[in-house]
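**Student:** Quick one: the structure is below, questions incoming.
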Amino acid sequence: MDINNNYSYVRISFPNFFKAYDIDYDRTDRVIYWVNNKLNSGSIFGMNVTSVRSLNIHTVAYGIAVDSISRLLFYTDLGNHIIAAISLEDYSQKTVISSGLVSPRAIVIDPINGTIYWVDSGSPAKIEKSNYDGTNRQEVVNTGLTSPYGLDVDINGGVMYWCDGNMFRIERANVDGSNRSLIYQEQVLVYGCSISLYQSYLYFTKWWNSTTNNFILAIDESKIFVHRINMDNYSYARIPIQNGNLLYAIEYDPINAAMLWTDLNYRQINSGYIYGDNQKTLRDFRYYAVLKGIAVDFISRLLFYTDSGGNIISVISLDKNITKTVISDALNTPQAIMTDPTKGMIYWSNLNKIEKSNYDGSNRQEVINTGLNANVDLAVDINVGVMYWCHYNTREIEAANVDGSHRKVLYQDPTSIYKCSIALHESYLYYIDSAQSALMRIATDGSGMTSVGPSIFHNVMDIHLHSNSSMIQGVNGCSNNSGGCSHFCFPQPGGSKVCDCPNNMTLQPDGLSCGNYTVPVHFLLITDPGYRGIYILDISNYRFATIDLEYYPNAVTYDPINKNIYLTNWRLQPIIILSIYGDIQRQLYIDVPAEEIALDVLSRVLFYSDKRNIAALSMDGSLHKIVIRNNSGYILAIALDPINGTIFWTALGNNSKIEKSNYDGTNRQELINSGLVNPTGLTIDIRGIGRLYWCDTASVIERANVDGTNRQLIYQGQFYKIVFYQSHLYITENSYRWSLMRIGTDGSNPVHVGPSLFGYSTDIYLQSNESGSLGPNGCSIGNGGCSHFCFPRPGGLKVCDCPDGLTIRSDGYTCRSCE
């Protein structure tokens, strides 16, 4: 094309020009180069076409750049994640960048200074540069990029220009990354772009994939593939899903041309390109997760999902791979979910209602709360403010305004079904249910129900319709550089936004960045080996943060002085010490795996059990003493009275029981030795009249005085662990799904509190500011004068003791060898 002569052009045909993403021109030899699985060349007149070098079989060459002076050709390789250089003299090759590349695309050169520049559209996307030999590598731009494809550099001006396919925009910056600015933007989506600089103008192309402009994706329960149906003629292709098991919900991310789907059996959200390649797992979930709905906001780069197993709605950042739970209370098997990226709202179906809220879970409202049942699917027309839904119990398609008004039935069929799915395109609804073998289409006014396309389905679980013409046009407050938010950006009406943080972080005063969460005054620590983590639950509002672990936590306790969490685990032998923010501080190594654990904050002594023994540890693990040996039963729970220096425990055996002793193991007594089956939880009210509370898998919660008298049954139910706070008991419940219940100490006013998130809660610990105001005791000041262990006794007294291998001297304070 002659840009100086009214853009007149001639067409040059080259053989072997398949899958060539980029070309460049050698001004010296007047030769055009392109790369596919070979390095090819041809004259500017279309003659002398030669394949000059074969490349690696895995090569996916994307960008090329020719240095006519140094006689070098550089190319980026998506398949092998490298950048390589080929000599145009002898066609030898050298890899110059071999690490840290995800999806390298466009590449340009500065032949004067021997510098290469390239874009990497991986996650996170960035623009980099280095010397020709790969040295002096630098990230030039590493924020605010989504899908960068094209790049060019003004060598004389020291400015680079690039295009980004996400809501197509062109930006520029100095070659060191400074003075970045947006110079052009269109409110359209493209799948790629290319850009070139000439004099004071930029020339660019936008890539549209016409084969994927209008299509429906359908998941069939009985098949491990996705149907892709062309809406123009209803032809279809089957996309095989690798390692799939029970596919359920499906979505599409047009930015990456990727399908996203849930797998109920594998409890995963997966992704893969629309043509079936590059399939991978985005996120694995807890063993009880039931992922029935997903929805993509491609502008804000967010993926929302419903988990009817955990009864939560959460969001994943597609670019940052972080998660936040946005709705965790008063949900009952949430299923379908839709987004409105212009207003930052989500709509979802519950067991018997349709609700909506802001992306962050605020401003939650019930929209439809009558005449619904399970398996309701949704479609929302955000342009006119109308939503549509189908539900199996009446086999109806209904419509209403998004505020719930003007509800009406569009279509009804009495045939029994158990699953339906619905999608909107322009003035038509596309619909299929478990009784249909073909896709149905009906006008949004309820007229003209008819089948379209082939009868290829057996039991469709979900459909998703994508059309470029009906995609959300425009930008929102999060479309440019994630709104400046460090983690989550949630759009709001009028182009505004709010920043938010993952579950384990807190928004900082600047309103943009996230930092360590603020530790609540009163909170519960709840272990969940099914999730492999710990929940930190604020009992004033039941909001929570999470600590993700690489192992399976078992028992937990907390030191409010150093703000450290102590926990045991099922796989590792040592006791793990974490900061309240989840950073591993250290490990306390012991000879046997610890199971239950309890901390006396005043005396600075840690107790743990290992099946049949109870031992005392100093806080740093340097002192160790077994205080209860060869217990007759399997120890299931430990509770401490730090004022009087008493340890209580439950034990499973032929005759399960509850016992107590002094910290040093003396004055051991059986308190309860009848009517127990499997007493898994134990707690003590120290401040009150001195009561023990315990839960038994025999479906009871009981209480008794600390001497075992006045035993009472106060509540019945399936419970595992229990903790006392003020006038209430908090109990982990396992009758249906592991959840948290609060009851009065007399069994009154039972209520479920907090989210139903826990897969298998093995322990619960309560921390409040009252916990540190119990003392002092005989050991809280100067370790009671003891050289090693100090164990408190009633009345502010104490007794000094020694670790295993040492014995107390006659002075009663110091220790000596047992010899």
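Glycine is no exception: its Cβ is also placed from the backbone N, Cα and C atoms.
Curation does not apply to TrEMBL; its annotations are automatic.
Quantities reported herein were computed from a predicted structural model and do not represent experimental measurements.
Copied straight from TrEMBL:
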- 114-157: repeat 'LDL-receptor class B' (REPEAT)
- 158-201: repeat 'LDL-receptor class B' (REPEAT)
- 344-384: repeat 'LDL-receptor class B' (REPEAT)
- 645-688: repeat 'LDL-receptor class B' (REPEAT)
**Student:** Which bits of the chain, at least 6 residues beyond where the repeat 'LDL-receptor class B' (114-157) starts or stops, bring a Cβ under 8 A of a Cβ in it?
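**Tutor:** Distant contacts of the repeat 'LDL-receptor class B' (114-157): 63, 65, 70, 72, 74, 76, 83, 85, 96-98, 101-108, 163-166, 173, 175-177, 180, 192-197, 202, 204-205, 207, 255-256, 301, 319-321, 480-482.
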**Student:** What residues elsewhere in the chain lie close to the repeat 'LDL-receptor class B' (344-384), defined as a C-beta under 8 angstroms and at least 6 residues from its ends?
**Tutor:** 293, 295, 300, 302, 304, 306, 313, 315, 326-327, 331-338, 390-394, 400, 402-404, 407, 418-424, 429, 444, 462, 472, 476-477, 490-493, 497-498, 500
**Student:** Count the residues of the repeat 'LDL-receptor class B' (645-688) that DSSP assigns to helix (H, G, I), to strand (E, B) and to coil, and report the three numbers in that order.
**Tutor:** 0 helix, 24 strand, 20 coil
**Student:** Please work out the mean pLDDT for the residues of the repeat 'LDL-receptor class B' (645-688).
**Tutor:** 93
**Student:** Run through the repeat 'LDL-receptor class B' (114-157) and tell me, per DSSP, how many residues are helix, strand and coil.
**Tutor:** 0 helix, 23 strand, 21 coil
**Student:** What are the DSSP helix, strand and coil residue counts for the repeat 'LDL-receptor class B' (344-384)?
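**Tutor:** So the counts come to 0 helix, 20 strand, 21 coil.
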